[in-house]
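Note sheet for the following structure.
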Amino acid sequence: MILTINCGSSSLKYQLYTPDLGEVAAKGIISRIGEAGTSIDHRVGGRKIRQDLPGADHAGALEAVIANLLHPEWGAIGDIAEIEAIGHRAVHGGDTFVESVLVTDEVIAQLEECTPLAPLHNPVNLVGIREARRLLPDVPHVVVFDTSFHQGMPPHAHVFALPYHYYAEHKIRRYGFHGTSCRYVSARAAEILGRPIEDLRMVICHLGNGVTIDAVSGGRSVDTSIGFGTFSGVMMGTRSGDFDPGLIFYMHKKLNMSLSDIEAICYKESGLLGVSGVSNDMREVVEQAVAGNARCALAIDMFVYMVRKFVGSYAAAMDGIDALVFTAGIGENSAYIRSRISHGLEFLGVELDDVANDQVNGAAAIISPAHARAATMVVPTDEEKMIALDTLRLSGGLIGRDPAEVYLAAAVAE
Ligand code: ADP
């Protein structure tokens with residue numbers, strides 16, 4: 001079996017896959033790590049088990065995961081040796097990691113070097129990897145990076161127009177995030193369309209609490225909306241998205257705000273929340289807009305407009321598009337937002353089948369008429385599945401097989 005681990009600053013998510021990745025045998029989340037009220041929610045079969053884990057740190061959380069997986073009553077394995085490989089999510093692989101890798105001491109050292117690029121995330125990712133290696137030293141561990149899918153972007157898309165030495169010496173460049181999601185979704189979209197991914201130009205709209213718009217040409221990310229930090233691109237739940245950076249100097253010099261105050265505003269008080277004044281949750285913003293709240297309506301207008309601008313610019317970057325693909329919380333669940341984004345993009349060959357759009361029910365679906373020049377689609381993301389796939393491939397399960405076959409194996413398993 002393959003275990004995936006996604007270690008965040010105050011949470012740890014895990015999924016245990018059967019060897020063909022056909023089933024999730026058990027999964028769960030440990031919440032509020034390092035805070036009061038730490039607990040584990042473990043799911044196996046139809047059962048849900050909740051336990052308090054007072055005082056547990058990330059090491060304690062991982063121990064609880066293994067204990068629950070082995071539990072005689074609600075476990076999923078009889079022996080720890082049944083876990084044959086572990087896949088870890090890491091947020092930032094810098095410009096070192098262009099793809100997922102098997103964990104070695106050298107990889108850990110290189111990952112540590114990437115920490116300044118993601119000071120909040122990489123350290124906890126590293127804790128998860130170290131602790132898992134301590135508990136299961138004899139199995140292969142694989143690390144999958146949120147940034148690596150975007151590493152192949154051409155220089156004209158990833159270099160910022162600052163003095164060049166900031167790029168050359170300080171690694172200041174566009175990195176992008178949500179790469180694991182966009183890689184999975186673009187591969188699944190190609191499968192669903194029944195066309196080779198090499199022939200397709202897609203715009204992936206990952207619209208969740210975080211938002212990434214990604215231009216994927218021939219299966220490669222060629223441009224992406226998030227840049228260096230994680231607040232650029234389209235406005236998000238609480239993050240601003242793009243604005244004129246000149247404002248930062250103005251807020252600092254004229255409004256006497258400290259840089260850390262401005263940073264907190266850009267990351268935590270902006271986006272849907274900042275504009276609507278109501279919520280960072282798109283559902284609430286839509287509800288209030290329908291009820292007549294003008295600022296909620298404005299927040300939605302801005303969100304939709306920003307997504308559409310990126311779709312248009314990426315169509316220009318790729319000389320057109322063959323597929324517009326929606327994923328993540330908003331992209332998968334809001335027919336209204338999909339409709340607002342898609343209508344008006346007919347000049348790109350995008351056409352929406354409104355009935356199909358309204359009928360999307362959690363599964364992947366094509367929501368454009370068959371004659372449309374570009375397919376519009378909903379493809380539920382599954383980052384864990386992508387991590388498990390890479391883990392299977394790199395730990396020996398699918399060695400020597402090319403990625404297209406690996407995706408096919410996943411589709412068959414589904
Ligand atoms: P995260 O980035 O935290 O993984 P998700 O992908 O789960 O986020 O997406 C969370 C977002 O999805 C929230 O803004 C939530 O309001 C939105 N969302 C979920 N369901 C709906 C829906 N039916 N309509 C509109 N937005 C939705």
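Cβ atoms here come from the backbone N, Cα and C positions, even for glycine.
For Asp146, the entry in TrEMBL reads active site, proton donor/acceptor. Neighbour list (Asp146 (active site, proton donor/acceptor), Cβ cut-off 8 Å, at least 6 residues apart, same chain): Arg89, Ala90, Val91, His92, Gly93, Phe177, His178, Gly179, Thr180.
Same-chain residues at least 6 positions away in sequence with a Cβ under 8 Å from that of Asn6 (Mg(2+) binding site) are, in sequence order, Leu12, Lys13, Tyr14, His88, Arg89, Glu383, Glu384, Ile387. Summarising the annotation, TrEMBL assigns Mg(2+) binding site to Asn6, Glu383.
Among the features that TrEMBL reports, ATP binding site is placed at Lys13, His206, Leu207, Gly208, Asn209, Gly210, Asp281, Met282, Arg283, Gly329, Ile330, Gly331, Glu332, Asn333. Applying an 8 A CB threshold to same-chain residues 6+ apart, the list for Leu207 (ATP binding site) reads Val234, Val307, Phe326, Thr327, Ala328, Gly329, Ile330, Gly331, Ser334, Ile337. Secondary structure from DSSP puts Leu207 (ATP binding site) in a beta strand.
The annotation substrate binding site is assigned in TrEMBL to Arg89. In the structure as shown, the Cβ atom of Arg89 (substrate binding site) sits within 10 Å of 24 other Cβ atoms. According to its DSSP assignment, Arg89 (substrate binding site) is in a strand.
The site 'Transition state stabilizer' annotation in TrEMBL covers His178 (among others).
The Cβ of Arg239 (site 'Transition state stabilizer') lies under 8 Å from the Cβ of Gly210, Thr230, Phe231, Cys266, Tyr267, Lys268, Ser270, Gly271, each of which sits 6+ residues away along the same chain. The site 'Transition state stabilizer' annotation in TrEMBL covers Arg239 (among others).
For the recorded positions given as Lys13, His178, the lowest number of other CB atoms within 10 Å of the residue's CB is seen at Lys13.
Proximity to ligand 1 at the level of Cβ atoms, with a cut-off under 6 angstroms, picks out none of the recorded positions Asn6, Asp146, Arg239. Taking the binding-site residues Asp281, Glu383 in turn, the residue surrounded by the fewest other Cβ atoms inside 10 Å of its Cβ turns out to be Asp281. There are 27 other CB atoms within 10 A of the CB of Ile330 (ATP binding site), with all protein chains counted. According to DSSP, Asn6 (Mg(2+) binding site) sits within a strand segment. Using a 10 Å radius centred on the Cβ of Arg283 (ATP binding site) and all shown protein chains, the other Cβ atoms total 12. For Glu332 (ATP binding site), the same-chain residues 6+ apart in sequence whose C-beta sits under 8 angstroms from its C-beta are Phe326, Val360, Gly362, Val378, Pro380, Thr381.
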